[in-house]
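> According to TrEMBL, the feature disulfide bond maps to CYS211-CYS232, CYS310-CYS331. Residues or ranges marked as domain 'Ig-like' in TrEMBL: 62-158. Here TrEMBL flags 165-260, 266-355 as domain 'Link'. What TrEMBL lists as signal peptide is 1-15.
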Amino acid sequence: LLLLLEATLLRLASGSHHPFYNGFYYNHVMNDKGSEQGKVVYFNGGRLVVETPKDPIYSFSGTNVTLPCHYRYEPDVEAKHKIRIKWSKLRDDYTKEQDVLVAIGKIAMAFGDFQGRAHLHQAGRHEASLVVSDVRLQDDGKYRCEVIDGLEDESDVVDLRLQGIVFPYQPPRGQYRLNFHDAERTCQEQGAILATFNQLFQAWSEGLDWCNAGWLADGTVQYPIRLPRKPCGGLHLAPGIRSYGPRHRHLHRFDAFCFSSTLKGEVFYLDHLAGMTLEEAKQSCQDAGAEIARVGQLYSAWKFLGLDRCDAGWLADGSVRYPIIKPRANCGPAEPGVRSFGFPSKGRFGVFCYKER
């Protein structure tokens, strides 16, 4: 019986990548306000309704989050079949990206990166909420809650957004050296992931202005401009996100836009009177029971922990940077930000270390 149930769950999870089809098509292209088009299923004189919050659910990496989902019948009737529940993570165009969890009755199975982290919360009648523990950067996105009663099913979408920071990144060897796969790996090495368009748009709305084009998670290449200027698309264009569209993931090379969220630990600064080489800096962090900080950790500490230090320090990638919350004389431009000295081959500086709490 257990093997039969597991086989049923697997068939449910591995369904078509096309919109759900039970004799008619759902309209899977909806706006973020949750258009009701194609969202009510009538059967036996009643209807099955699935509801999720219309506003995004905000969370941080490393925390636990609940994605609410409830269903009901109009008029209120008891289900004639054992209810099946399926959660899927979606792409921005609402097509399925990956299976998260499927359940029949009280037995549930999570998949992929969600194994051991996802379970249903069914405290009330007709509840199908999803709980994700130890939230990860890649969990950001849209999720579909589908409720299946026999041949009838209905679904709705909830948007999980991680509060974080987008930062542009160039490798030590210079501008426009990363293909898509290099960019993915580079962001991961800096304690981050490639940003999505929505994350880049949010960063632009908060003031990010960067004239170099960079990869995003969907394989497009874009860059945010607040102040139009000749080298950045021209003076005649309005502020916004400039797009090169999808690029060849192996052949074309650009910079990267990375996304990092909050930290489980702290970033702190160490220095010696004579400064340190990069190798000495790494050893100093180890002696302090920490590790040399990565770029994403410094940006996160700057934005979320208020780290403000007008002293340049080494980071794990060999760059030298410092974070400024309150601009002041001899600390760079008049705007807050993370300043960069690039990747000096010589020189002695302090170091930014990271330590888990």
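Heads up, the Cβ atoms here are built off N, Cα and C, so glycines get one too.
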> Can you check which residue among the disulfide-bonded residues CYS232, CYS310 has the largest number of Cβ atoms within 10 Å of its own?
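The most densely surrounded of these disulfide-bonded residues is CYS232.
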> Give me the CA-CA distance between CYS211 (disulfide bond) and CYS310 (disulfide bond), in Å, as a whole number.
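So the alpha carbons of CYS211 (disulfide bond) and CYS310 (disulfide bond) sit roughly 25 Å from each other.
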> In this predicted model, what is the average pLDDT of the domain 'Ig-like' (62-158)?
91
> Near CYS331 (disulfide bond), which residues of its own chain have a C-beta under 8 A away, given they sit six or more steps off in sequence?
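Result: CYS310, TYR322, ILE324, ARG339.
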> How many helix, strand and coil residues does the domain 'Ig-like' (62-158) contain under DSSP?
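Tallied per class, the domain 'Ig-like' (62-158) gives 6 helix, 53 strand, 38 coil.
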